[in-house]
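Peer 1: Would you mind keeping the following structure in view while I ask a few things?
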Amino acid sequence: MAIPSFVDQVTLHTFGGNGGHGCASVHREKFKPLGGPDGGNGGRGGSVILRVDPDVTTLVDYHRQSYRRATSGEPGRGDHQNGSNGEDIVLPVPDGTVVTDADTGERLADLTGPDAELVVAQGGRGGLGNAALASSSRKAPGFALLGEEGLERTVLLELKVVADVGLVGYPSAGKSSLIAAISAARPKIADYPFTTLVPNLGVVVGGDVTFTVADVPGLIEGASEGRGLGFDFLRHVERCAALVHVVDCATFEPGRDPVTDLAVIESELTAHGGLEDRPRLVALNKVDVPDASDLAEIARADIEAQGYRVFGVSTKTGEGLRALTYAMADLVAQRRAAQPAPEPRVVLRPEPVRRGRSDAEFTIARQGDLWRVRGDKPERWVRQTDFGNPEAVGYLADRLNRIGVETKLLDLGARAGDGVAIGGAPDGTGAVVFDFAPQVDVGAEILSRRGEDVRLEEPQRPAVARRRELDREYHEAREGEEQDGGYHGVRRR
Ligand SMILES: Nc1nc2c(ncn2[C@@H]2O[C@H](COP(=O)(O)OP(=O)(O)OP(=O)(O)O)[C@@H](O)[C@H]2O)c(=O)[nH]1
Ligand SMILES: [Mg+2]
């Protein structure tokens, strides 16, 4: 299939850049062996941004190239050098582009107005280097935070032309001719059907109202079932304040006359739906042709009886165009008065909802045999952790404790050794699972000292290991005695 030159619906895959990792480094200088941590921060990943550009009228670029990736941030380096940020990529889109999340179906934005923009795929944050992680209690961190991955999002872009008045009618009724006659637009006009393949837009001045008019490709009976060019193009008149039926009074096609044509187009509009409340005008066109003028006069009474305002016009001679233009301007002005223009939204950033207050920073729920911790912070912290580095894991534990995850788990009845899952998809896949090893006092039972994490201990020195083993045997033996007064001996691994 040939590549089309106009596309008004496209699926776009976007990838934010990854954040650069922080760097763990120690300053080195002659005669200063302990120069302190000097690892720089990673740069943030670039974002993919959609921005309205009035010069762009089609989504065809994204049809040709539907994967767009922003660059990643650079990692930090020693000597306090921060990594550079990844570059954002800004994708120009036409005014009136509606953006929907392809996975959830959520409407993300309706981009109207110049420079309206949407950050579709946010780049990841860079990780802090060990210089930034140093504090009075942690003077020389031997770890840095990882950069976060950029967001990935697949979106459906849909162009809905932003026009005040929409022209509808049979092919060759003179819709494009009407736009050409009342505005400076110069759409293609020809005497064969389906000359117009993409909507044309024109700016019209009627009295003191300036408004835009769009036509859509011609409709025929059965367009809703896909005949002709179909009726999908009607989405381009969905935003219009008013519709104008352009009716051809000079056609010799059998079975066609203004009243029937109008009824056919109306039933296509009904099949499309959502346009019922839009006021309509009827333009009986081509009255410069003598027979057409007669036919228009006969049809007028009938159509007016149906409640329409009717205008006999000729785009050739200009007859009736002034009255029609003023009537359009009136409808536009009424609509504008009824709905004050919404505040222009400039930057939209669909980000996960922030849970700001400290009591709502995380939630814990029992899921199967796991305790599932959810919350922006805990999930982000897990992503930033280099699990190959025990010190980094300890830092994570400290951060989680600081917001009270451990206390909450204990309150809920979690026991040492229970699985605790953080992050991952809503169904739990991809989460990081820990064994719960509380470090705070639980009654008289102290599992390990604060600042010490039994899970992370390196193989111990033989003497220490032997002492602990003896301790354990003793306690197990005592427990056995207390339970049933007997001595059960000691199981050995
Ligand atoms: N005599 C006469 N011819 C007209 C008038 N308006 C349009 N035409 C002719 O009708 C034909 C179709 O006009 P278009 O403006 O291309 O019609 P359209 O409704 O845009 O048609 P599609 O784009 O195919 O749907 C052209 O040959 C025009 O010159 C008019 O007022 N009088
Ligand atoms: Mg046309």
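Going from the start of the chain as shown, residues are counted 1 onward.
Including glycine, each Cβ sits where the backbone N, Cα and C put it.
Caution: TrEMBL annotation is automatic and unverified by curators.
According to TrEMBL, the record shows the following:
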type     : residues                                    : note
DOMAIN   : 4-162                                       : domain 'Obg'
REGION   : 67-95                                       : region 'Disordered'
DOMAIN   : 163-333                                     : domain 'OBG-type G'
BINDING  : 169-176, 194-198, 215-218, 285-288, 314-316 : GTP binding site
BINDING  : Ser176, Thr196                              : Mg(2+) binding site
DOMAIN   : 354-438                                     : domain 'OCT'
COMPBIAS : 453-480                                     : compositional bias 'Basic and acidic residues'
REGION   : 453-493                                     : region 'Disordered'
Peer 1: Under 8 Å between C-beta atoms and at least six apart in sequence, can you list the same-chain neighbours of Thr196 (Mg(2+) binding site), or say none if there are none?
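Peer 2: Thr196 (Mg(2+) binding site) has long-range Cβ partners Lys175, Ser176, Pro187, Lys188, Asp215, Val216, Pro217, Gly218.
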Peer 1: By Cβ distance under 8 Å, which residues at least 6 away from the ends of the region 'Disordered' (67-95) in the same chain are close to it?
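Peer 2: Sequence-distant neighbours of the region 'Disordered' (67-95): 12-23, 25, 27, 38-59, 61, 111-114, 117, 121, 123-124, 126-127, 129, 131, 144, 147, 150, 157, 159, 162.
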Peer 1: When the pLDDT values for the domain 'OBG-type G' (163-333) are averaged, what is the result?
Peer 2: 90
Peer 1: Of these binding-site residues, Ser172, Ser176, Thr195, Ser314, which scores lowest on Cβ atoms within 10 Å?
Peer 2: Thr195
Peer 1: Check the binding-site residues Gly169, Ser172, Val198, Pro217, Lys286, Ser314 for any whose Cβ is under 6 angstroms from an atom of ligand 2, and report them in sequence order.
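Peer 2: What lies within reach of ligand 2, judged by Cβ under 6 Å, is none of the binding-site residues.
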Peer 1: Could you check which of the binding-site residues Ser172, Lys175, Thr195, Thr196, Val198, Lys286 have their CB within less than 6 A of ligand 1?
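Peer 2: Going through Ser172, Lys175, Thr195, Thr196, Val198, Lys286 in sequence order, those close to ligand 1 turn out to be Ser172, Lys175, Thr195, Thr196, Lys286.
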Peer 1: Using a 10 Å radius around each Cβ and all protein chains in view, which of these binding-site residues has the most neighbours: Lys175, Lys286?
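Peer 2: Of Lys175, Lys286, the one with the most crowded Cβ is Lys175.
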Peer 1: On the DSSP side of things, how many residues of the domain 'OCT' (354-438) fall into helix, strand and coil, could you say?
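Peer 2: Across the domain 'OCT' (354-438), DSSP assigns the residues as follows: 31 helix, 18 strand, 36 coil.
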Peer 1: I need the least crowded one of these binding-site residues (Gly169, Val198, Pro217), counting other C-beta atoms within 10 angstroms of each C-beta.
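Peer 2: So among Gly169, Val198, Pro217, the binding-site residues given, the one with the fewest Cβ atoms within 10 Å is Val198.
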Peer 1: Once the DSSP letters are reduced so that anything not helix or strand counts as coil, what is Ser176 (Mg(2+) binding site)?
Peer 2: helix
Peer 1: On the DSSP side of things, how many residues of the region 'Disordered' (67-95) fall into helix, strand and coil, could you say?
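Peer 2: For that range the per-state counts are 0 helix, 10 strand, 19 coil.
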